[in-house]
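*Asks:* Sharing a structure, written as structure tokens. Questions coming.
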Amino acid sequence: MKYDHKPIEKKWQEKWEQSGVFHASNNSDKPKYYALVEFPYPSGQGLHVGHPRSYTALDIIARKRRMQGYNVLYPIGWDAFGLPTENFAIKNHVHPAEVTKKNIARFKQQLQSLGISFDWSREINTTDPEYYKWTQWIFLQLFKRGLAYKKEMAVNWCTSCKCVLANEEVVNGVCERCGSEVIRKVKSQWMLKITEYAQRLIDDLDLVDYPERVKAQQINWIGRSTGAEVDFRTTTGDKLTVYTTRPDTLYGVTYMVVSPEHPMLEKWADKLRNMEEIRAYQAEAARKSDFERTEVAKDKTGVRLDGVSAINPVTGREIPIFISDYVLVSYGTGAIMAVPAHDTRDWEFAKKFGLPIIEVVKGGDVQKEAFTDCATGVMVNSGILDGLTVEEAKKKIIEYLTEKEIGHSKVNFKLRDWVFSRQRYWGEPIPIVYCEKCGYVPLPESELPLKLPEVKSYEPTDNGESPLACMTDWVNTTCPHCGGKAKRETDTMPQWAGSSWYFLRYMDPHNSEAFAGKDALKYWTPVDWYNGGMEHTTLHLLYSRFWHKFLYDIGEVPTPEPYAKRTSHGMILGENGEKMSKSRGNVVNPDEIVDTYGADTMRLYEMFIGDFEKAAPWSSAGIKGCRRFLERYWNLQNILTDEKGVRKSLEIAFNKTIKKVGEDIEALKFNTAIAALMALMNDISDAGSITSDELKIYTILLNPFAPHVTEEIWETLQLGSGMVCQQEWSKYDEAKCVEDTIEIAVQVNGKVRAHLSVAADIEKDAALSAAKAEEKIAAEISGKKIVKEIYVPGKLVNIVAK
Ligand code: ANZ
Ligand code: ZN
């Protein structure tokens, strides 16, 4: 019989679904295992061949865990709010909900055709009011505890999406989504205080098993720095506070810079003789992104304040104040003390504006370039600090400033609060009303979900309001607090909202009383293994850790961290080694692969393609090779013999493969696990036949990779009861994993009682237990007390028993 994947795959997908074998139970005596993949955004393009890489990998883990006796939760759902769907809806005049529905149906059919063992009974959808009810509920808890607040601020504004972007969504100065220019715009925004969790988001990385590169990226993103705040007096008698990581260089400060948005500028407006010039510069800076402004290579610009200057607190010298766009309003205090001798940007600025450069750390030629090394130099021209190392000087100057009450040590974070408002339609409505008397008032929880109303147009308005703002009937409401007239918030939540807690909903997806029941949370939390893309390290992964920690703080979840273990897969590139994209014409359609070669081949190939954690180019030849391998497996049924057991000649090969496949799966080395299965196939071919016991083991090992064809062989040849996915994972005998075996003698009380064949490199413990398990020895020592155990490597075991 020929291997015909189509009927086989259809048959088993239906069987799995009907039998519910992959449904997790919230009521089980087995140990739990929660495997999670990032749920997809159901885009109009359908599934990408990159999706199955992650899904198949954790499917292999999930299937193996079930075989190891765990109650496994491996769920899936849809992260379906967001811009691409909304933009499509605007262009084609259909409701985004319709678009979403269609896209989900296609994605679901595609995922099911891959035979991934998802528990479809727990499918969730972030745009379902029964789901976003709880997203809104969590927002209200944040609001009630002061962690959601409204703030007038300069935000990143995408000129094409007409939408506010979080800093994280601006990449190299352009919108991450559409590539258009991003400018600064002042708007009143909902914000979430993720900064309150900055330190814990760093510290608690110690509690989890994440790859080092992921930890490092998060730590970097949070950007903790230690330094000092120092107060400078101005000639107007005001206090201008700066944040610096180099308080040791205070004697080298020759000017100050405040950001163009600094509030003191308005206060000084009538004292500043060049206010017009200043205003022009402010307008120019507003058009630039933070990225452009802080780029080191960029040409330095600025305006010197005419009418106000400052006093260096340690030298007493009067120094000029500038505004320049390289100082950001949102970091530190929005003002800096400039030390051109030891800071590159300050140095460039000083050169351009002809400002003095005073060396305070010895070691470089500061007239030629800034000397920024702080590990080797010694302080000079620095009064009380002269002769100290940089570290010593930092300590001493902070003591001095603290005592004089003009400064203190300070920790700062790069991480900003999370801009949580979007002026778009297709998102969760923010459940807040504004009352002129009572201010921002939360909706009562009983009124959740606050559903998205139907609107005529999803087009954002030109003044930057959400289309919801045009729905006067919906907007005008009464204040839940005083009953007076009030207006609903018309901003919606960003796409990251629904994915910040979705892993909790899977635990109890149909609960109408809570986002998940306490028992379910207690049983399933935390996620045991979470795999996803590196691109989500600083956004989704950080946001969801923040929400989870908040829920932990208010007693809603039992653990401080949501994910015990995180791994990250590499991208699948086009056959030409470039990123797959329509414009490059190198997109591989997963449907075609499944149709032509089958889901099993596709799965096997994606796991065989290369190092899981690295990017890998697609290869048509590779696909064909995997198909041939499965055909060889299929044809094993033609060489089945009546012999029983695992034959002596293949014993080592089988034991070795069981061990390797199991270990490699755990280490994400799927490619080498498959290579081991291929090698074993060659050994079987050489033997010319296979026993049913051998085929049984082989089928169990291959099943997580190629679940359909293995089920079919199992059933056709009646290799055992039930399905393969319900069998116990194969065990191996350590002693039979190595070709090099040696004979050792086993003595009891000095007398040789048996000879054993063991691996040449066997460890003491394994040698002793092998010896004690030997029948004659077991009989000899039974009932006796073991007083001493000796192993002479490669020679003998001696057991002294009384
Ligand atoms: C004086 C100085 C001397 C500095 C020196 C550096 C080197 P991190 O490590 O990133 O925290 N700075 C402070 N606030 C700023 C703002 N709002 N916009 C732009 N730059 C700002 O960097 C802190 C350093 O960046 C601070 O230390 C300050 O320059 C600058 F040899 O102060 B430093
Ligand atoms: Zn009111």
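Backbone N, Cα and C define each Cβ position, glycine as well.
So TrEMBL lists these for the protein:
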- Lys582: ATP binding site (BINDING)
- 39-186: domain 'Methionyl/Leucyl tRNA synthetase' (DOMAIN)
- 220-401: domain 'Leucyl-tRNA synthetase editing' (DOMAIN)
- 414-606: domain 'Aminoacyl-tRNA synthetase class Ia' (DOMAIN)
- 653-766: domain 'Methionyl/Valyl/Leucyl/Isoleucyl-tRNA synthetase anticodon-binding' (DOMAIN)
- 579-583: motif ''KMSKS' region' (MOTIF)
*Asks:* So how many other Cβ atoms are close to the residue listed as 'ATP binding site', meaning within 10 Å of its Cβ?
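*Replies:* Step by step: centre on the Cβ of the residue listed as 'ATP binding site', count other Cβ atoms within 10 Å, giving 8.
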*Asks:* Do you know the DSSP helix, strand and coil residue counts for the domain 'Methionyl/Valyl/Leucyl/Isoleucyl-tRNA synthetase anticodon-binding' (653-766)?
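*Replies:* Residue counts for the domain 'Methionyl/Valyl/Leucyl/Isoleucyl-tRNA synthetase anticodon-binding' (653-766) by secondary structure: 62 helix, 18 strand, 34 coil.
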*Asks:* Express the predicted model's confidence over the motif ''KMSKS' region' (579-583) as a mean pLDDT, rounded to an integer.
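*Replies:* On average, pLDDT over the motif ''KMSKS' region' (579-583) sits at 87.
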*Asks:* Across the motif ''KMSKS' region' (579-583), what are the DSSP residue counts per state (helix, strand, coil)?
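*Replies:* DSSP classes over the motif ''KMSKS' region' (579-583) add up to 0 helix, 0 strand, 5 coil.
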